[in-house]
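Structure first, commentary second.
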Amino acid sequence: MACGSVDPQGLLSPPLSSARLSNVPHVEGPWFWSCGQTNISCKVVNGKVVEVGKWPWQVSILFLGMYICSGSLIHHHWVLTAAHCLQRSKNPANYTVKVGVQTLPDNSSSELLVTSIVIHENFINHMSHDIAILKLKYPVTWSPFIQPICLPEVNFKPSIGTMCWVIGWGLEKAKGAPKTPYSVQGVAVRIVNNEICNHRYQFLLLKNQKKFIGNDMLCTSPEWGLDTCQDASGSSLVCQMNKTWIQMGVVSWNFGCGRRQFPSIYTSTSHFTQWIKRQIGDLKFASMAVPSFLSPFILTGYILLVSLGSLWLL
């Protein structure tokens, strides 16, 4: 669905749904059946007709009220992001999260409180295990514009050359920064072999270090001259399989903006699936061959992991 050339008359839909906070059991709307789904519609934002609901898992993370990183909803209570985003402070009270945000800066959405931050115990300053999760004080209720992203099964990685998308606000061309306010964007990238990635970054190797890009990382190259840049940290790298979006990576770092010779580096989510499950702790497996047959009540409060040919409800 493209909105750019559509006449804005008659497209003034209601404002984006804010997260509804509640302590009662969740009852999802009839449109919700799994993770990794989109509900695209057109809306006038700052005088322009834009697509909304295209990346409903995307969240903005704020430190003392200022945007610092992106993240993604993986659970009613939990947000996935990069560990280096949370180095400013270990105090969860300093962080808040906004969901359902289309443009930055955003003054219309409520800031959701964070009760705990979990940084991977082996995290080393972008070089390894750059992954973290935030726990929200109150559960987020799904809506057409606020939904979770799927996570891959353990150690599953997309094939080399697969086209995926990086989602976030810190995406730009090699020259020229985006003007604010600007909308959440998605740019196409292709998966690059880690060995090629290591060769490109060999000048960064320390003495006696054999490789720079480990198995816990993924690499991509820009498809159309656009790539991750500043403020993109923590954003999701998503790939579509069987009409379902799966988060394969978390933006970690890159060398410059949009330089094809220097791939962008991501934390591989499949490498940390078990770690995420251990941290959240309330997970239960349930195989489902046909996700739409599941009751909305069953979906309540869990993460969805995806394997090829089936979905896994945790």
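Keep in mind that glycine also has a Cβ here, set from the backbone N, Cα and C atoms.
The number of other Cβ atoms within 10 Å of the Cβ belonging to HIS84 (active site, charge relay system), over all protein chains shown, comes to 22. Positions annotated as active site, charge relay system by Swiss-Prot, on the basis of similarity to another entry: HIS84 (among others).
The active site, charge relay system feature in Swiss-Prot is assigned to ASP130 (among others); the stated evidence is similarity to another entry. ASP130 (active site, charge relay system) is surrounded by 28 other CB atoms, counting those within 10 A of its CB over all protein chains shown.
If you look up Swiss-Prot, you'll see SER233 (among others) marked as active site, charge relay system, on the strength of similarity to another entry. Under the DSSP three-state reduction, SER233 (active site, charge relay system) is assigned to coil, being neither helix nor strand.
Per Swiss-Prot, disulfide bond is recorded for CYS69-CYS85 (among others), and the stated evidence type is sequence analysis. According to DSSP, CYS69 (disulfide bond) is assigned to a strand segment.
As annotated by Swiss-Prot, disulfide bond applies to CYS164-CYS239 (among others). CYS239 (disulfide bond) is surrounded by 21 other CB atoms, counting those within 10 A of its CB over all protein chains shown.
For CYS197 (disulfide bond), applying a Cβ distance below 8 Å and a minimum sequence separation of six or more within one chain yields ILE213, MET217, CYS219, PRO263, ILE265. Annotated disulfide bond per Swiss-Prot: CYS197-CYS219 (among others), in sequence order.
As annotated by Swiss-Prot, disulfide bond applies to CYS229-CYS257 (among others), with the evidence given as sequence analysis.
Taken from Swiss-Prot, the feature domain 'Peptidase S1' applies to 44-281.
For 293-313, the entry in Swiss-Prot reads transmembrane segment, with the evidence type sequence analysis.
Mean pLDDT for the domain 'Peptidase S1' (44-281) in this predicted model: 85. Mapped onto three states, the DSSP output places CYS239 (disulfide bond) in strand. DSSP assigns CYS164 (disulfide bond) to a strand segment in the three-state reduction. When the Cα of CYS85 (disulfide bond) is compared against those of the recorded positions CYS164, SER233, CYS239, the shortest separation belongs to SER233. Around the Cβ of CYS164 (disulfide bond), the same chain contributes PRO158, ALA188, VAL189, ARG190, ILE191, THR220, LEU237, VAL238, CYS239, MET248, each under 8 angstroms and 6 or more positions distant in sequence.
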